[in-house]
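Per TrEMBL, these features apply:
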type: COILED; residues: 107-211; note: coiled coil
type: TRANSMEM; residues: 6-22; note: transmembrane segment
type: TRANSMEM; residues: 43-64; note: transmembrane segment
type: TRANSMEM; residues: 84-104; note: transmembrane segment
Amino acid sequence: MLQLLYTAIFAEMLLILTLVFKTPLRKLVIVSLDRVKRGRGPIVVTTVGATLVVVLSSSLYSMAKIQQRTIEAGIVNPTDQVLMSKHMLEASLMGFVLFLSLMIDRLHHYIRELRLLRKTMEAVKKQTRSFEDGKNGNTEEQKALAEEITTLKSKIKKLESECDAKGNKEKTLESEVEALKKQSEGFLMEYDRLLEDNQNLRSQLEAFEQKST
């Protein structure tokens, strides 16, 4: 029993040292612990832990019984003293085994959390880099858009000047058309007047011919 407990303690101490210090075996130990915590592994570990707790409780009960028997007898029995020492050593070793098991579990948990945190930070860094690269690309696109906008503004100004020139030409043509209309109206009035004079002259000529006959 004692040899088994000492072996378990030394194995657990070796596992703790492997987890604490970054060595090539650390990754292998972490993978092994991950596999132990999957499937039926937790059930087996819980069973072993419960067995140790039961044995520890039995040792403590035996120690209490020996202590009570010694108090009642009033004399220290060498056999009880040896048994007391043995149960105390076993209880101490089993308690140390349970404590080291708890340390290994917590170390493994924190190392996993640290690995997940590092992966998350790396993903965030990659996203930040991609965002910065996209931002730089966007600045180049913005520059190109600004140049296009400047070109379009110059084209718009040119078209506006052309529209103004065409508008001035249209106004000039409209004034010329208006002048031609007025001139044509004057010609029509003059033509009507000439027709009326011609008609008067014809009527006078016919009246003169009738008188002559």
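Cβ from N, Cα, C; glycine included.
Long-range contacts of the transmembrane segment (6-22) within its own chain (CB-CB distance under 8 A, at least 6 residues past either end) are made by residues 29-30, 93, 96-97, 100-101, 103-104, 107-108, 111. Per-residue pLDDT, averaged over the coiled coil (107-211), rounds to 78.
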